[in-house]
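Asks: Once you've had a glance at the structure underneath, I'll fire off some questions.
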Amino acid sequence: MRPARAVVRRSAGSWTLQSTLHRHGLGPVAGVDEAGRGACAGPLVVAACVLRPGDARALDGLTDSKLLTATAREEYYALIRRRALDHAIVVIPPEEVDRRGVHVANIEGMRRAVAGLASPPGYVLTDGFAVRGFGTPALAVPKGDQVAACVAAASVLAKVTRDRIMVELDGEHPRYRFAEHKGYCTPVHDAALAEHGPSAVHRWSFVNVRAAAGRAPALVHNDGVSEETEL
């Protein structure tokens, strides 16, 4: 059941939308978001989160993870893990991102995250674009990670999880400095790709990664991590 359009239009603020859905008997409400969609190395991480109704004071200031400092993200991550009614985190390795394509992998990750919740939600809020296949009503919310607290919470869970993975990968592949740029395309990362070629954790479907492989073919996939490395 989709809420009346007027109800959705009236909803504003990070807690108002999900509170409105709860009042109309459409809860619990799960927010879904991802981290790493635009990166050319490392996994895509997707999270789903169901916040406790009325927990706005405890999570005051929660917003899009990209707008928070690293310290604030870590603090909210611990708080969300402790206070959320339910959450699930899905890690999609780079080889699956390459096989499916980023957009399809992202949608599949969202479905897996919602399916991974302990109990099916009554409603799902996604960040920005519509997703089908949740088995429950869903609504795409423009800038959802800024206007819906449960989506913001999912964004924090996804980003902190992925950042930690990239720091671990930095220890395994120090020449790429993953801890610094988290696998995104920066001048530092591009320079490392040009010099060393891609590693096993790069996304070969990305044009810059394939180009780097052509420049340094002897170094491809020999950086000490096999294709089967668990992320």
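Placement of Cβ uses the backbone N, Cα and C atoms for every residue, glycine included.
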Asks: In TrEMBL, D33, E34 are given as binding divalent metal cation, so which of D86, D98, D127 is in that site too?
Replies: D127
Asks: Output the one of D33, E34, D127 that, of all these binding-site residues, has the highest number of other Cβ atoms within 10 Å of its Cβ.
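Replies: Neighbour-count leader: D33.
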